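Input: a single structure, listed below in structure tokens.
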């Protein structure tokens with residue numbers, strides 16, 4: 001007996017509550033945590049530690065009082081310094097808000113005796129009645145007692161599926177949720193009146209931790225506190241510093257020897273590890289732990305990565321075809337042939353001299369790797385690939401909706417945001433104030449009526465149904481948005497223009513170099529340095545534009561969270577799309593188009609001559625630009641930033657807490673509570689950055705794929721790392737997000753479709769205007785004498801008489817090649833100097849332009865038609881899923897029919913018993929008055945029971 005008593009006294013009180021996962025009683029689960037800062041005197045903290053040292057249960061009594069705002073504040077009398085006004089104000093608002101939470105049915109417990117100095121935690125538990133009430137309101141589909149068999153394939157399909165399962169078994173995650181299901185529980189929206197339909201044998205696990213935290217977060221959005229005529233929800237309280245954080249808890253630790261197996265640990269082992277990069281994702285377990293919205297993101301990322309495999313294979317084949325045929329390419333062979341002795345005009349004024357075309361041999365040969373007939377086929381393939389990917393995702397999405405019981409799920413009208421309600425309240429009060437000023441001559445009753453309206457508003461009456469923000473109220477915000485977005489786009493264009501000036505001036509400066517090697521590498525040096533500058537600017541502006549997009553969305557004051565998210569996504573995507581692709585658009589469609597000709601060049605600021613493309617065209621430079629920006633963004637922004645910045649923030653937070661900590665050795669050695677550990681993690685910032693980087697990558701893969709066939713391969717390699725990197729971040733680096741129900745990926749699907757349609761148009765113009773594919777076809781079928789490409793290079797070059805140079809633009813050293821040059825060549829379709837209309841645009845130019853425009857029209861319409869055909873021929877809902885959904889509906893009807901039949905049978909049985917009972921009552925002897933009366937009373941009570 002003494003041994004048991006000593007054991008109970010020595011037992012760690014934190015172990016009873018599973019180190020923060022439960023309340024102090026060890027039974028009620030912690031569903032949510034509110035964190036706040038408070039100021040406490042050193043005397044109070046010394047006394048707190050002394051009490052804890054003397055009595056192990058003091059912490060539970062003193063700090064974890066179930067009433068909000070009471071625990072942890074010792075009455076020190078005169079010794080305790082008076083807290084400042086702001087702290088009192090925050091404490092008052094916390095007490096009011098927590099009181100409203102308790103009125104809503106939630107249970108609270110406070111803890112201020114933690115290892116983190118000055119940080120208090122409010123533990124929140126949702127009891128069974130609150131869970132049932134909110135689940136019914138949210139129409140959550142919960143599994144019933146009814147179990148049915150899932151239709152399995154038969155015959156040949158069954159054999160094929162069994163073979164595929166055996167083959168893919170090594171790459172399947174070892175989690176129970178990922179195993180193929182043969183039976184499924186029938187689901188039905190939860191109803192308190194129909195609780196008998198659901199399996200409530202274990203009420204503790206009926207609502208999992210994800211669902212419990214979701215319900216608490218819904219209660220947070222409904223509950224407000226009204227302070228100084230301002231409606232404040234949890235968002236406003238967090239923004240104003242009343243609370244510093246609000247988050248649900250992780251299930252437990254994910255590493256350690258004696259850690260119990262939980263979903264977080266399982267996800268860390270089978271999903272968030274680089275060692276399992278070759279395995280499928282346990283999407284069902286991800287959904288179970290993080291919710292449908294995050295589960296859909298990782299499912300979409302997995303489908304996108306899988307679809308990149310065939311695109312990468314075809315892209316590598318196209319690239320290898322270019323490598324194999326580079327020695328057979330007649331135009332590049334002619335450019336490299338020194339016997340042709342083609343003298344080109346200077347690339348800049350004065351400092352540059354004449355040069356031989358054969359010096360650009362390497363560029364010409366490299367251009368063929370990406371500019372060959374196979375790239376046209378690859379562009380068509382990628383357009384069809386994008387359409388197939390979208391259809392495949394829709395089908396996958398329907399399968400997930402069926403498995404996750406989201407069929408028939410429709411989003412209810414969301415509760416207005418606290419900021420919107422505050423704006424509506426402000427508008428209503430302004431209107432009442434103006435109304436009062438107009439009627440000052442009226443008796444006092446009007447003023448009393450106005451006061452009564454204000455009191456009604458302060459009491460929490462919902463105004464958003466009566467009063468709404470109109471476009472007039474939002475016009476200043478809309479105008480600011482328009483001006484801000486135009487300014488940011490103009491800033492991007494200005495930066496690109498500045499890089500163009502840098503390229504032109506640097507090329508002219510390097511051309512003065514006296515060394516031949518320096519002059520030969522001018523183009524490569526300028527291109528490489530300019531692309532690196534563009535990359536740095538893009539990365540910096542991406543972060544700036546993200547903050548600006550959020551600010552512009554906030555001043556609009558959208559009504560719901562969904563509206564806020566969609567507007568934010570649209571603005572951020574627009575700004576980041578322009579930021580990422582403007583330098584690439586310049587190289588693809590503008591560089592070399594407005595150069596002019598020798599003797600009549602186009603100048604910027606009357607001193608900088610517009611740069612022109614290499615003799616092999618701008619496609620090679622476009623490929624360099626695209627590859628460096630794509631790889632640089634993925635490597636630096638997406639991977640290094642995602643790994644480095646969270647770890648750096650975590651380290652800074654740890655050092656700050658370590659510096660603030662003033663605890664004795666005993667408290668320092670004490671194991672941290674779960675909510676303390678999770679507080680040190682990085683807060684979840686939403687899925688917008690994750691989707692955004694993948695959508696921008698999707699643009700790199702599809703928009704300019706004609707110039708860079710290896711883009712899908714690099715995207716595939718990046719995504720294999722990205723999936724595990726994001727998984728590790730969600731499981732180990734971030735606080736647990738609030739689970740959000742969703743049946744699709746929302747506005748991102750429309751953006752993907754838009755990028756896919758735009759990719760067809762851009763690739764048509766890249767093939768037609770940036771590459772030499774169309775000029776080669778025109779020469780082959782209209783101008784070639786022997787039906788080959790011999791003479792094509794000479795056909796694309798025009799002649800210029802060096803005596804026609806403008807004054808002050810001729811080369812300073814015309815004898816650099818060792819002989820005097822009379823005629824130099826330049827790339828354009830113009831009349832020769834000996835023609836009557838010398839240097840005018842020739843007929844060949846118009847023939848090539850007509851062919852280019854015709855190709856754009858034919859390519860665009862043909863590929864669009866093929867994409868729409870793929871969209872039409874592939875059904876959105878798989879046949880087996882539609883059959884299962886129909887089967888569920890039939891089974892649900894059968895369940896209710898049986899229930900109604902049972903009720904009718906029971907009523908008939910009770911009716912028969914009632915009739916027999918009545919006959920027995922009438923046949924009783926009148927002598928037995930006591931028993932008679934008892935019988936009558938019992939009959940009466942029976943009627944009442946029925």
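From the backbone N, Cα and C atoms, a Cβ is placed for every residue, glycine too.
TrEMBL does not curate its annotations; it predicts them automatically.
Feature list (source: TrEMBL):
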- 22-283: domain 'Anoctamin dimerisation' (DOMAIN)
- 53-84: region 'Disordered' (REGION)
- 286-888: domain 'Anoctamin transmembrane' (DOMAIN)
- 297-321: transmembrane segment (TRANSMEM)
- 374-393: transmembrane segment (TRANSMEM)
- 478-504: transmembrane segment (TRANSMEM)
- 524-548: transmembrane segment (TRANSMEM)
- 568-589: transmembrane segment (TRANSMEM)
- 694-717: transmembrane segment (TRANSMEM)
- 916-946: region 'Disordered' (REGION)
- 931-946: compositional bias 'Low complexity' (COMPBIAS)
Is it true that the transmembrane segment (694-717) and the transmembrane segment (478-504) have 3 or more Cβ pairs under 8 Å, skipping pairs fewer than 6 apart in sequence? no
Which residues, given as numbers and ranges, are at least 6 beyond the ends of the transmembrane segment (524-548) yet have a Cβ under 8 Å from it? 484, 488, 491-492, 495-496, 499, 502-503, 506-507, 510, 572, 575-576, 579-580, 583, 621, 624-625, 628-629, 632-633, 636-637, 689
Do any residues, 6 or more residues outside the transmembrane segment (297-321), come within under 8 Å Cβ-to-Cβ of it, and if so which ones? 280-281, 283, 286, 369-370, 372, 374-375, 377-378, 381-382, 385, 388-389, 392-393, 396-397, 400, 687, 690-691, 694, 698, 701, 705, 709-713, 715-716, 719-720, 722-723, 726-727, 745
Residues of the same chain, at least six outside the transmembrane segment (374-393), with any C-beta under 8 angstroms of its C-beta? 300, 303-304, 307, 310-311, 314-315, 317-318, 321-322, 701-702, 705-707, 709, 712, 749, 752-753, 756, 759-760, 763-764, 766-767, 771, 773, 859, 863, 866-868, 870-871, 874, 876
